[in-house]
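Since the structure comes first, as structure tokens, the remarks are kept for the end.
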């Protein structure tokens, strides 16, 4: 378990997410002076042996400036156009600043669909690993130009967490315009107290997180806490800290008590189960009876058709489904062995009847335990 006191000694790979409010002139294009300061801090980390992956916002705000737009558009095609124009300036700014220190950068644009495909997921992981081995700093952003609502990450906090899983990062730093996670909303309660350190499984941290975001970005504090939970699947510790603090990254590395540190306190998932838990979009839902829920949660067993009481969605064999209890609470998710219409025929029946019901059998399990991940 990585704590604040041993961050310097034990962490070697960081994912740093920088929000649009910290990179732009209040939405009017990139703040080149601010970007130079961020790169300077990251160069300092590099000099202390830290491998860096950057997840950077700012392309839409830069595109708005270049196109002469004063308000963030709401239509997807206009957002995509702004992102396409602005991404050019964003990458140029990073490349220029890192080049002053003899460091190469690489642009990587991804969609959720890229990570949902196991082969492409592994290819992305291998590519980033190779870049890091060659001393290159990858700059990652969502591929807004081609993305649709169905394959969006939704915000760069989520993208940063999934990137941390992808590269098995030791530390995820989410930089924001707030000091960290408070026990209440500091914008409305002046007596709210900063949470310096907490275990990521702590039950009340989601309730503490404000869901209010700024006008330029999309992610509020709630998305940052959920990102920390996702990052914890790979054993990654998460800092949520203010980007307004001077020299914040080297100071976090030195162990200074800045921001909020959310510590992963559960056993990390295997690489395959991290992919299952974080990178696939659910195509359907199975409602389980009480016996099936207990079998999954207490015994780590596979899911049998007899334990399914209801279902919804439309899925094919091998696609992700969410398993819920009778109160609609998520229990697990996994890759289903039978498509929707066949699952509909065999649910509630013992596995010995599958061949009779379908005319063939592809195994006794609806979801094998190797392809199933329990809910946090």
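Cβ atoms are placed via backbone N, Cα and C, with glycine included.
It should be emphasised that the depicted structure is a prediction, and the values quoted were computed from it without experimental measurement.
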Binding-site annotation, Swiss-Prot, ATP: partner of 176, 177 in 17, 32, 309: 17
Neighbour count (Cβ, 10 Å) for residue 57 (substrate binding site): 27
Average pLDDT across the domain 'PUA' (283-361), rounded to a whole number: 93
Those binding-site residues listed as 144, 177, and which of them has the most Cβ atoms within 10 Å of its own Cβ: 144
